[in-house]
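In TrEMBL this protein carries:
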TRANSMEM  80-105  transmembrane segment
TRANSMEM  126-146  transmembrane segment
TRANSMEM  182-206  transmembrane segment
TRANSMEM  255-275  transmembrane segment
TRANSMEM  295-312  transmembrane segment
TRANSMEM  368-388  transmembrane segment
TRANSMEM  395-414  transmembrane segment
TRANSMEM  442-467  transmembrane segment
DOMAIN    527-593  domain 'CBS'
DOMAIN    624-682  domain 'CBS'
Amino acid sequence: MLLIGLLAGTLAGVIDLAVDWMTDLKEGVCLSAFWYSHEQCCWTSNETTFEDRDKCPLWQKWSELLLSQSEGASAYILNYLMYILWALLFAFLAVSLVRVFAPYACGSGIPEIKTILSGFIIRGYLGKWTLLIKTVTLVLVVSSGLSLGKEGPLVHVACCCGNFFSSLFSKYSKNEGKRREVLSAAAAAGVSVAFGAPIGGVLFSLEEVSYYFPLKTLWRSFFAALVAAFTLRSINPFGNSRLVLFYVEYHTPWYMAELFPFILLGVFGGLWGTLFTRCNIAWCRRRKTTRLGRYPVLEVIAVTAVTAIVAYPNPYTRQSTSELISELFNDCGALESSQLCDYINDPNMTRPVDDIPDRPAGVGVYTAMWQLALALIFKIVITIFTFGMKIPSGLFIPSMAVGAMAGRMVGIGVEQLAYHHHDWIIFRNWCRPGADCVTPGLYAMVGAAACLGGVTRMTVSLVVIMFELTGGLEYIVPLMAAAVTSKWVADAFGKEGIYEAHIHLNGYPFLDVKDEFTHRTLATDVMRPRRGEPPLSVLTQDSMTVEDVETLIKETDYNGFPVLVSRDSERLIGFAQRRELILAIKNARQRQEGIVSNSIMYFTEEPPELPANSPHPLKLRRILNLSPFTVTDHTPMETVVDIFRKLGLRQCLVTRSGRLLGIITKKDVLRHMAQMANQDPESIMFN
């Protein structure tokens, strides 16, 4: 856990620093040291003034460097072109690396990790190459300005770290159950460094990712998340001694009347979650079934070009999404230079700096409002086409940005309404002239939580992540109200969140813990072989030759075979995995003398009695699972489904009085559940 936390925290810190530098590289370069970001470049400058704190002679835009002009049409056009070219270069590099070296590095990774933690194996998904390429390409795609975040993919990166360290210790590498516990804890560390929310990370792993979460996994996750957060804090990538870019502190409490707009934002979040999930799945399905899917590089380049061309003219889409959220969450203090804080000041105001009263909106605020409205429409549309491309793509940050933009606009609306109509009955109790009563940044925060909840259907972990993210402990009730409302609204249109929808789209064999199975069928109705089907492929304990087994393996593609006493008695001994059988035969042929094709294979303690001139027998008892999971043919399917869920089983044998009758695999269970729900059972299976 310590190693996972250290590596996940270090990688997150490196990614944050690299993203900061490469995002600024699209606009200009630091002359004193090209590896400095805009902010770092101007830190060291003695010529930076307070009014123009983002300008310093050491930092030059591309137009200043190449044309020696900072203003004018030609300077704007050159900066625009350089922005697009850098974005296209980063995106092209990212998609090429993913395509050539690690195809599994694309997407957010959370649907696949949920599937892996449910007991399914995707070989190579958590490998070293995937870890390396995902880390590098994550920096490239976030820097390219595409509408995606690094938070979801950081969970995949942390799980790759968990898998790597598990393989070094035999206790974990040889035990799938223990390895899955480590991966659950690694997922918590991933969210911990993604959001700087260690407790939220543990709850996220519990609520959203893990299938099985015993108490020891809880404290392990807690420890891994703590170490990861501590490591990230030591690196201090944002230079603000915080774990996140958008830490805020609000000075005013919220009032009961504000619950109404907060709940409205929750409704918006639920509707956006439903719209996004449906449109994105429809687009991804189209990508899978049409020629579009054959050109992933072209698709990424096209979406990047459209994003860069449309994003540059609007200051709210040009900046990185994390900086945008940070600006939207911000409370307008006396030192803020943002357009969103361009209020008309009262010259007679003599108040402490941190308690500025509500004021009428200035020109800057109205300009910002329509720019935000355009940015909101653009973000909603472009995110649908961006998520699911063949590059690492997270969904947390774009969803939060959509909610934060909507929330900030609602917040400014309520603030201006309260200022101009403070004598209305709803404002009379809490909005007096000269008082600071509405905080637009709080509305942005609530909107962000509502939209993220609508897309992912998280509740408890979402609220904890949000208050850890922003330090707004007294705003838990508004956050809870928005999160619950968005979940209710989204659930009214369909129970699936975006991750479950992508699991179904890809056909992964995943049994959702949230689904209920209430049909009165029995194991015998689901097991195979059915009537009219060929009998089960089985091994016998001491009467099959190496050649027989090799032929059986060649002719079938099953993951394993039940082992019986003999074909006559059909009494079950155990279960042998296909992979272990192949390895055992291969090793025996290479290392043991006298093992040939007609050598007898036996799974008993003692070798069978053989004629004097027969070849050496091959003992395979060590690879035999002597306690495979079995149910009787009259076990209710409700119980069988529960067993598959809770134990993460891949198959279960059906017996009667010790005699083998058939087998139920996870795919059989999924097919049966689809049938019971009047769906086509073949439509849900592995693509």
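Each Cβ is built from the backbone N, Cα and C atoms, and glycine gets one as well.
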Q. At least three Cβ pairs under 8 Å linking the transmembrane segment (80-105) and the transmembrane segment (255-275), pairs spaced 6 or more in sequence?
A. no
Q | Stretch among 126-146, 182-206, 255-275, 395-414 sharing the most Cβ pairs under 8 Å with the transmembrane segment (295-312) | A | 126-146
Q: Grab the same-chain neighbours of the transmembrane segment (395-414) for me: Cβ-Cβ under 8 Å, and only residues 6 or more beyond its ends, written as numbers and ranges.
A: 108, 147-152, 194-195, 258, 261, 264-265, 268-269, 272-273, 276, 316, 321-322, 324-325, 328-329, 340, 361, 365, 369, 372-373, 375-376, 379-380, 383, 386-387, 438-452, 454-456, 498
Q.
From the DSSP assignment alone, can you count helix, strand and coil residues within the domain 'CBS' (527-593)?
A. 24 helix, 17 strand, 26 coil
(Q) Checking distant contacts: for the transmembrane segment (182-206), what same-chain residues at least six beyond its ends satisfy Cβ-Cβ under 8 A? (A) 1, 4-5, 8-9, 11-13, 113, 116-117, 126, 150-152, 154-159, 161-163, 165-166, 172, 212-213, 217-218, 220-229, 231-232, 242-244, 396, 458, 460-461, 464-466, 468-469
